[in-house]
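The region 'Disordered' feature in TrEMBL is assigned to 137-176. Residues or ranges marked as compositional bias 'Basic and acidic residues' by TrEMBL: 154-175. If you look up TrEMBL, you'll see 282-511 marked as domain 'SAM-dependent MTase RsmB/NOP-type'. The S-adenosyl-L-methionine binding site annotation in TrEMBL covers Cys307, Ala308, Ala309, Pro310, Gly311, Gly312, Lys313, Asp330, Asp365, Asp381. Marked as active site, nucleophile by TrEMBL: Cys436.
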Amino acid sequence: MLKIRNICMLQRRWKSGKRRWNVLQHKRNNCDRALETFDDFYGSVYGGRWKNMRAALLTEHKYVAMVNNFGDTEQTCSMLELDGAINIKSLIQLAMEREEAGTESNLLLNRRAHYDIDDKLESLLRKQQEREVAAIYPTATDDGHVPPQQLSYDGKKNKEDSHTEAQTDSEKEASSVEFTQSLTKALEQDVQLDESRLVDPQFGTGGLYEYVPASSIKGMEDWVAESEHYKYYQTNTDFPLIIEPEAIFQYPEHLAIYTYEMGNCAEFKPPRQCLTGVLSHFLMDGASVLPPLFLQVQPGERVLDACAAPGGKSLLMLQTLHLDQLVCNDVQESRLNKLRRVMQEYLFDYKQRWAGKRLIFSQSDARNLDEYGSYDKILVDVPCTTDRHVLMHQDNNIFKPTRIKERLRIPELQAGILANCLRLLKPGGSLVYSTCSLSPVQNDGVVHMALQKVFNEHGITARIKDLSQHTALFSDIYRFEQPKGLKYGQMVLPYLPANFGPMYFSKITRNS
């Protein structure tokens with residue numbers, strides 16, 4: 001008879017039961033850094049509204065379709081209308097009829113002398129400076145040392161600040177942003193000597209030659225404090241400034257742009273090739289059509305697109321059929337090549353009728369263009385933080401750790417481009433400055449810096465055109481920022497039912 005053996009339960013051994021630390025801990029990438037910065041900055045500026053903007057920025061944005069007038073125009077319009085798209089021109093006409101009937105109240109044209117954004121940015125600057133000081137002097141109060149109110153860094157003095165030498169010290173601090181004091185000098189001034197560690201010469205000083213104390217901080221030569229970025233936003237006005245309503249707005253007769261109604265997130269069909277060999281329509285962010293529209297190009301004018309690539313705004317100006325000559329400039333050859341490909345795909349008989357004749361390409365830094373007083377209209381769509389792009393894509397992300405200094409100095413680049421473009425305008429000419437950023441520093445702050453710069457250095461004065469009355473015509477399509485939040489321009493806000501933008505734009509006319 002067989003014996004029943006005892007059965008024992010053995011716990012199974014799991015291999016690699018614990019997850020590795022690099023899996024448990026999420027590694028911060030460039031998009032995460034951008035989102036953290038925006039939560040801190042925009043959360044302080046826009047308050048509770050930032051949550052809705054944040055959700056829209058993290059969602060795929062909405063497009064519009066611009067019909068190519070050099071292709072099968074009627075067939076393309078019919079195709080888009082059958083898909084449920086609406087011509088923006090018809091929506092504007094409806095808004096004009098409502099306005100004439102008096103059923104829709106106009107936006108306030110008389111803006112307040114004080115803007116809420118000033119106080120918010122000033123408070124944000126103080127908080128950022130306190131955090132930076134606390135990071136350098138974490139135990140300063142324990143040992144009786146009084147930390148400085150703000151940090152300084154070693155930076156080269158901008159050549160553009162030479163006009164401030166005749167001002168008093170108080171005026172310099174109030175009207176210009178100067179970075180002359182190095183971090184090393186600041187530490188030398190703030191340090192307190194510990195007398196208990198001083199060496200008495202009567203006991204010998206030979207040991208002092210064996211030890212050489214540090215005289216500078218390695219790696220801090222190019223260090224820039226985050227708070228320095230906010231200092232570009234200035235509130236004082238020491239130059240003539242006039243803000244007046246824009247007289248008229250005319251939608252181009254031959255321009256056909258289609259969109260879906262607010263709340264409809266349907267996608268457009270991809271462009272098809274027409275009988276003429278060009279593509280049928282061009283897809284672009286809906287907010288990008290506003291800067292060239294409000295530039296109001298007219299027949300016979302010479303127009304410059306100072307930062308033209310990738311080419312959507314330039315193509316829109318050509319689709320108005322008004323331009324005699326358009327100069328497209330960009331700083332990189334690769335970006336110009338992309339722009340050329342777009343033009344070849346959408347312009348009929350490109351080589352014989354356009355290249356080098358009505359369409360001219362230029363490769364140069366927009367700050368170095370020197371055809372002063374030669375352009376009737378200029379579109380200045382400057383490089384910026386591209387808020388939507390940096391939250392969605394890792395490549396070419398300005399929040400990469402090695403590009404911190406480049407990111408914090410963006411307002412200087414933008415102001416230099418805008419100031420030089422004001423000099424390129426003919427007296428009485430107009431330009432539109434635009435960014436795809438929500439940052440008040442890159443928007444109103446840069447416009448203020450550029451107007452101040454051209455007046456102090458070249459005696460050029462300009463006036464701001466208030467477009468509030470005309471942006472109301474687009475209220476069925478876009479969500480705009482309220483007027484009290486902006487000084488010099490208008491801005492399309494990211495909004496889930498109409499997920500366009502962000503897009504800031506300001507129209508400036510050079511005085512005769």
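From the backbone N, Cα and C atoms, a Cβ is placed for every residue, glycine too.
Just so you know, TrEMBL annotations are computer predictions that nobody has curated.
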Confidence summary for the domain 'SAM-dependent MTase RsmB/NOP-type' (282-511), mean pLDDT rounded: 95
Binding residues Cys307, Ala308, Ala309, Pro310, Gly311, Gly312, Lys313, Asp330, Asp365, Asp381 (S-adenosyl-L-methionine) - maximum C-alpha distance in whole Å: 20
Separation of alpha carbons, Cys436 (active site, nucleophile) and Lys313 (S-adenosyl-L-methionine binding site) (Å): 13
Euclidean distance between Cα atoms of Cys436 (active site, nucleophile) and Asp365 (S-adenosyl-L-methionine binding site), Å: 20
Cβ neighbours of Ala309 (S-adenosyl-L-methionine binding site) where a neighbour is any other Cβ within 10 Å: 22
Cα distance (Å, whole number) from the residue listed as 'active site, nucleophile' to Cys307 (S-adenosyl-L-methionine binding site): 13
CB contacts for Asp365 (S-adenosyl-L-methionine binding site) [other CB atoms within 10 A, all chains]: 14
Integer Å distance between the CA atoms belonging to the residue listed as 'active site, nucleophile' and Ala309 (S-adenosyl-L-methionine binding site): 14
Those residues of the chain, 6+ apart, with a Cβ under 8 Å from that of Cys436 (active site, nucleophile): Asp285, Ala287, Ser288, Cys384, Thr386, Asp387, Arg388, His389, Gly501, Pro502, Met503, Tyr504
CB contacts for Gly311 (S-adenosyl-L-methionine binding site) [other CB atoms within 10 A, all chains]: 24
Cys307, Lys313 as binding-site residues, winner by CB count within 10 A: Lys313
